[in-house]
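Q: Next up is a structure, given as structure tokens.
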């Protein structure tokens, strides 16, 4: 759905000109038939309306609600505005908030430093057409396909303190999910387990697309394997690298499912997204307070989005 | 936060808890991801779209959270009974238990069914006060067989009744008779005896008190019972209603006492589910476990008769040991039922002896609230549980049913888990709770 406007982008430029009726442009407009114009207008309008209705308006509503103490009961006109109280409460008297921010950042760091490079590494290995490469590919990608229910189940079997495989095999007594200094790492391993497969597949697809003659040329020039990769293949794959980077950032910001499965994001597994859910969804209905958390999350995401866009735009200009 | 109440629900939970949780919550998780940005308006549509269709004068609709096979079946039988006695067809609209609970706000504000399942406690009174439920005092004039404690638990803040109790289960300290006989343990009646018993169990190589709080709610039971024993029922109610300060010495004493007992509790409780803790009792590794009657679900059928319990011992002689947590499930009537006459008739039927008899006959694991019911089918454990609750002077509903749900889930669960992690910093903990309480209990 989203690629349609892109395809039309070059042709979609003219329509705004239709309103500014300068002579030269009007002539260009005749290149487009009536049907073309209708189609283009629709193709711009429909996604625009959808995005506005389902992304921007709700986001705006969240920001507005974050200034209220609405509990989800009663008509909208009974909502009281409380100014920035929700924000000051979040920062000052809500104990899970600071750990949540730290955990989100930790999540980003681990995915970025460990999981993503490892996934890329596996992709490079699999690209070598090893024997049984199909099997490895499937095995590594499997975690991405599995439903959350199953993933929670699998890791519960491993991590349970009293009945889990890890403690049984090693005779250890670690409370993997309950000890708040350990559980974030335990969950991080589970999360990386999924992330690695995802990155591997993305990167493998990219590697398959690299022109083999580049490698041959490098080999003829006597470049070693690793030198070929870092000096030739890696730079060529810039679009994929950026996608991988963006995927990593997005995955770490929206990390939610695993901690929710484990203990609903409490006791050492606080994440902003889990806190938002705890407060907004369900019976709790602290909608104002939860919206304040959601707004903070939005701002944090905007920081990363801005950095990303700035980088991409600067590079495009060069 | 449903506690399983029947064999069927227990079977449904044989899958590990993490999995059992996600089936119901995966949708929620998805909704939440978008919900974070999408605000909340979109969720409004979730609960109420399948309301009662027809609304002919011969119909009455019932919104039910009894989504597990066994209770669902029982409810269907009760509904059939109503049809035979009154000729009115009940359209039962069953919604998954957790979904029902999580959407209750939107459900009641939308187009709710005429009658819906709910439980006694703060939330019931809250709906009554907000005008989301109907006064059914007249129904209470027609039904009999309820103790004063049950009537009190069905009464709103304005002194009128809004709720008809159907079933309940008590919280008590459970143990295996065989283990206790083997070691010659006696049921403790004071805190000192309780502590001494725990120490003896430790010497005998048992974990004295099985304990789990991974899901956040089971430890609330321990807080509740200590609070009821130390400060009494009225303080519990006022504290839960936000009228008492959490920084008071009374609350600190509860945490202090608990901190003294914590060494007797199973360690690393924050990674353990109640099922796992109950299994340690079942495997004779633990000596006792403070939990609801549903603990029996972790025991096989021939082990049931080995299971026994006692109510938590007295701490303050002037308060006694007569109050306890016994959450009550039952029915409420929506604010503007489409078919009010039939809805009232249905409420009366639910509160009557016939419905209770059908329930006892169809589901031998429930305790029915109506004392007039024929309970000859009860097991020894059920009989004892019914006697215990019958003799209770006051019945509390459990922390998360007796207070605002936002306070219970977003403040108390993390706070109690924090306490279990670090029982030393009681001052810091209570002042943190108090600060958050002030921000939540504003109106």
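Positions of Cβ are set from backbone N, Cα and C atoms, glycine also.
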Q: From A:184-207, A:256-279, which range did TrEMBL mark with transmembrane segment?
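A: Comparing A:184-207, A:256-279 with TrEMBL, transmembrane segment matches A:184-207.
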Q: Give the nonlocal contacts of the transmembrane segment (A:228-250) in its own chain as ranges (CB under 8 Å, at least six residues past its ends).
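A: Counting only partners 6 or more residues beyond its ends, the transmembrane segment (A:228-250) has Cβ contacts under 8 Å with 108, 111-112, 115-116, 120, 124, 195, 198-199, 202-203, 205-207, 210-211, 214-215, 218-219, 304, 308, 312.
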Q: Between A:38-57, A:105-126, A:138-158, A:287-310, who has the most Cβ pairs under 8 Å to the transmembrane segment (A:184-207)?
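A: Most Cβ pairs under 8 Å with the transmembrane segment (A:184-207) come from A:105-126.
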